[in-house]
There are 2 protein chains.
Amino acid sequence: MRVSINTITPDTPSAEVIGWAHEIRDLGGLAFLLIRDRTGILQVTIPKKKVAPEIAETIRAISRESVVRVRGIIKPEGKAPGGRELIPDLIEIVSLSASPLPLDVAEKVPAELDTRLDNRFLDARRPRVSAIFKIRNAVQHATRNFFFDNGFIEINTSKIVAAATEGGTELFPIAYFEKEAFLNQSPQLYKQMMMAAGFEKVYEIGPIFRAEEHNTTKHLNEATSIDIEVSFTDHIGVMQILEDLVRDIYQFVDKTCSDAIADMDLDTFAVPEKGFPRLPYAEAIEIAASKCEEDITYGDDIGTAAEKAIGEEMGRMYFIVDWPSSIRPYYAMPYENDPEICKAFDMMHPRMELSSGAQRVHQYDLLVDQIAKKGLNPENFEFYLNPFRFGMPPHAGWGLGAERMVTTMLGLPNVREAVLFPRDRHRVVP
Amino acid sequence: MRVSINTITPDTPSAEVIGWAHEIRDLGGLAFLLIRDRTGILQVTIPKKKVAPEIAETIRAISRESVVRVRGIIKPEGKAPGGRELIPDLIEIVSLSASPLPLDVAEKVPAELDTRLDNRFLDARRPRVSAIFKIRNAVQHATRNFFFDNGFIEINTSKIVAAATEGGTELFPIAYFEKEAFLNQSPQLYKQMMMAAGFEKVYEIGPIFRAEEHNTTKHLNEATSIDIEVSFTDHIGVMQILEDLVRDIYQFVDKTCSDAIADMDLDTFAVPEKGFPRLPYAEAIEIAASKCEEDITYGDDIGTAAEKAIGEEMGRMYFIVDWPSSIRPYYAMPYENDPEICKAFDMMHPRMELSSGAQRVHQYDLLVDQIAKKGLNPENFEFYLNPFRFGMPPHAGWGLGAERMVTTMLGLPNVREAVLFPRDRHRVVP
């Protein structure tokens, strides 16, 4: 009966494992096979004169990254990974690998990101890469448990839609039978409709699609968005939920992913402290203007250079609040006493923006007015606007980028590393 | 401080609630307001002479389905829902609803499914409709916990792809920058690649897209698929996982959704018994042939009439196994001793198919051969085939339709009822 490699200790009497031939060293009378499964690496030691001749023969036939089954007795061995080795009485090739490999799984030869993504099935065999996806698994599990425990209802909204969320042009068109349709940029309008339906607290984790042409280390054309919407609360309420969630995720990863964190040599991992500072946009812009070479003034979007400058100044996760209404979407609620600014926020990691949210406009007339002010035609938003006429409660929400969360948590240089099969302008395969 | 309506008992001294005006009855000296939130209904009783005049005035201004805030003392009242009523000292209109409503939320007037879906934000205010989505939430939560607890890694694979899973024509084309791309029909090829990556057990819950033209009560053009793939096992192994999961989901719903089950008057709900029978395809076809008017012979697909006839005969959830290789996809593993049949299965509810799976072909040469035999060009599957050359382990898996699971569990007449915003040939809005 096969066991996972990480369950084998120096005291285990015997074991059978199935895994990949990570490394093979044949020193003549003595051969070593490192066998790898998703939990770890085991040294198989073959003293050729002491094992059956067919074992020595099989060892010669194994190519690197073949799938092999090995059975034998375990002995303590201080120099081997995990302090133990296996002396085989059976070795069987389950699935022979071709040679040469398009990518060196044992990581002796570094590979470019493009080569790695082209050969993701090999790249993800590397412990430091599979660790990213084990941690991503934990991040999403912690997220859903947080929502379930707090009474949120998971929704699954359609990705094929007839209208753009923000009326923008950054949409992928689909040929949908006889109709024109698009891939959804955000579940924004749908989660708001669920507030009209009285669901009160909803969340969705799903793909979003943006036909943006830029090619950076923080943008994806298909990404995973963690979205919430909550009724009878405001931006302050959902900022607190966001901070609590982010800390909860880090704590869960800290508690459950120590092996993966070790595989990544991640000495920078730390649970963020409570009380993310709330920096007004006006002050953020001042910091950026004083630290950046480019000309930055009130009313500008916060670009990459500004984001970096402010992040360095803040040195931790923080919120930017009180944004000018002119640079936020129509659905952001203006302050009653100063409608030039609105109840929107961004949640920032020092490296980049992670989340964007706001209290939403729930008043039909104000919403129509704000749509028109943005130069959009309210008639195109009929399916969205209709619910606001029949008892829409006050509500607020945000969207959090799952890949950016993982990228910043693990200090990955490129957001593509947090996605198994990333999509960018030039990449739709594999 | 607002409380949820279901937390108010006849012994609660006082309460403040926010919700929707479900019904308003003004009998002159006495008025009744039923206020509804997502947890239940509370009767507000207004003896006009005993309350402040502005309360009587506000009551007259409230239209049905407006959002209102009510505060007051609670009294036992046997004739009211939950055995208690609220005598208000404050009533405030938070969000006034227009009249008339496009749909009667109090369900006195039945509505057609199309009207309901056009006005989903009102339809889903009905307790018997929101109950479906509370249960769906529980189904997905139980599913993910089952996988997490059993060591599966959640994967998120791209929905924008360059090739069809089964080479079919039922694809939605996307204009993806300068390239041709499609919406993915299934994560099949990607989850198999993750077996090549050594992830061993993966799952994904995500949207799948099928450009099928038929319009039935069990098909959707955008659906949610629960997918798994497991290495070092066969079809028997993953059939057991599927049966265990399905029973686990039912048990979790049974344990956690009693209110929602009551809201739906669901007296048919029952956890399926262990040991789903495994009916060979050849026997299934015999049953269908003997019970159906149409001509059904070995080698045919199992259509709606056959599915119904066999389901009636079986009377419970069951598997159909040992399918002819000719009617299963190229990736289904043929039996070694009889390659005319293969290690594929369908998991059936008496009403319809819920899941389809198989042990997969993991041998490169056999796979190329099977692709060619289906009349497809192996060159178009290069990105998928490549991993099979470099140490692909034996593996098996299945896909389970989330909406069909909910539809059959709750006895819904149409699968569209299990989707908030269903997509079919004629529906892309809302």
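Just so you know, glycine gets a Cβ as well, placed from its N, Cα and C.
Fair warning: this is a prediction, and the values are worked out from it, not measured in the lab.
Listed by TrEMBL as binding ATP are A:ARG210, A:ALA211, A:GLU212, A:LYS218, A:HIS219, A:LEU220, A:GLY401, A:ALA402, A:GLU403, A:ARG404; the candidate from A:GLU178, A:GLU180, A:GLU243, A:GLU353 that the record includes in that site is A:GLU353. Among the residue ranges A:188-191, A:296-299, A:380-383, A:412-415, the one that TrEMBL annotates as region 'Aspartate' is A:188-191. Each residue contributes its Cα atom, and for A:ARG210 (L-aspartate binding site) and A:ALA402 (ATP binding site) those atoms are 15 Å apart. Of A:PRO81, A:SER356, A:ARG360, all annotated as recorded positions, the residue with the shortest Cα distance to A:ALA402 (ATP binding site) is A:SER356.
Annotation note: A:GLU353 (ATP binding site) sits in a strand segment as assigned by DSSP. Counted over every protein chain shown, other Cβ atoms within 10 Å are most numerous around A:ARG360 among the binding-site residues A:ARG210, A:HIS219, A:ARG360, A:ARG404. For the region 'Aspartate' (A:188-191), the DSSP-based tally of helix, strand and coil residues reads 4 helix, 0 strand, 0 coil.
Here the binding residues for ATP are A:ARG210, A:ALA211, A:GLU212, A:LYS218, A:HIS219, A:LEU220, A:GLU353, A:GLY401, A:ALA402, A:GLU403, A:ARG404. Their largest Cα to Cα distance works out to 19 Å. For A:GLU212 (ATP binding site), the spatially nearest entry among the recorded positions A:PRO81, A:SER356, A:ARG360 is A:SER356, judged by CA separation.
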